[in-house]
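> Positions annotated as domain 'Guanylate kinase-like' by Swiss-Prot: 4-182. Sequence annotations record features per position, and here Swiss-Prot assigns ATP binding site to 11, 12, 13, 14, 15, 16, 17, 18 based on sequence analysis.
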């Protein structure tokens, strides 16, 4: 049996990773998604075990210490990580996995899975990214300022990735991702 492939989707907060991921999973039912663990509070509409596994800081530290996480990172005062077992099991069973993770985690994955396809999603411009963050209506002015500062740093790392895509249109970006995934999974 052929082993599955690992695909990493990264980019600044507000660039559209979640929307793209949701559409990709709908279009590619054979693609598996790893549900991340986080210490942040659930946002409206998020479902435990589907959107994230929500844990407290002590539980997250225990997961790090017992090496239950493939990668983990801190973002905006909260921790995020990818449970190791589901990723390994799916890949061994021949299913390709997609991870939506932060830059720090993507760098960790590169060391563990050097053959992973790493895709960086870029905004059309910083002004557009700022507009998207405000449009979500879920962050304070201070939080948005921090996210934009971090986005500037993250954008500098885009060239570390195998592929960089500007998300100026969800449909155009999805078409590009479809082509990329088709060739990568062959």
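Residue numbering: from 1, along the chain as shown.
Every residue gets a Cβ built from N, Cα and C, even glycine.
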> Starting from the Cβ of residue 15 (ATP binding site), draw a 10 Å sphere and report how many other Cβ atoms land inside it.
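So the number of other Cβ atoms within 10 Å of residue 15 (ATP binding site) is 27.
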> Does residue 14 (ATP binding site) have same-chain partners at least 6 apart in sequence with Cβ under 8 Å from its own Cβ, and which are they?
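Within the chain, residue 14 (ATP binding site) has Cβ neighbours under 8 Å at 123, 129, 132, 133, 136, 147, 151.
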> Out of 11, 18, give me whichever of these binding-site residues has the highest number of other Cβ atoms within 10 Å.
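That would be 11, with the most Cβ atoms nearby.
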> Which site among 12, 16 has the most other CB atoms no more than 10 Å from its CB, taking these as binding-site residues?
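Counting Cβ neighbours within 10 Å, the top one is 12.
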> For the recorded ATP site, whose residues are 11, 12, 13, 14, 15, 16, 17, 18, find every other residue on that chain with a C-beta no more than 8 angstroms from the centre of their C-beta atoms, and list them by sequence position.
121, 123, 129, 132, 167
> Average the pLDDT scores across the domain 'Guanylate kinase-like' (4-182) and report the rounded value.
93
> Are there residues of the same chain, six or more positions away from residue 13 (ATP binding site), whose CB falls under 8 angstroms from its CB, and which are they?
75, 76, 133, 147, 150, 151
> Please report the number of other Cβ atoms within 10 Å of the Cβ of residue 17 (ATP binding site).
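Other Cβ atoms within 10 Å of residue 17 (ATP binding site): 20.
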> Should residue 16 (ATP binding site) be counted as helix, strand, or coil on the basis of DSSP?
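Going by the DSSP assignment, residue 16 (ATP binding site) belongs to neither helix nor strand, so it counts as coil.
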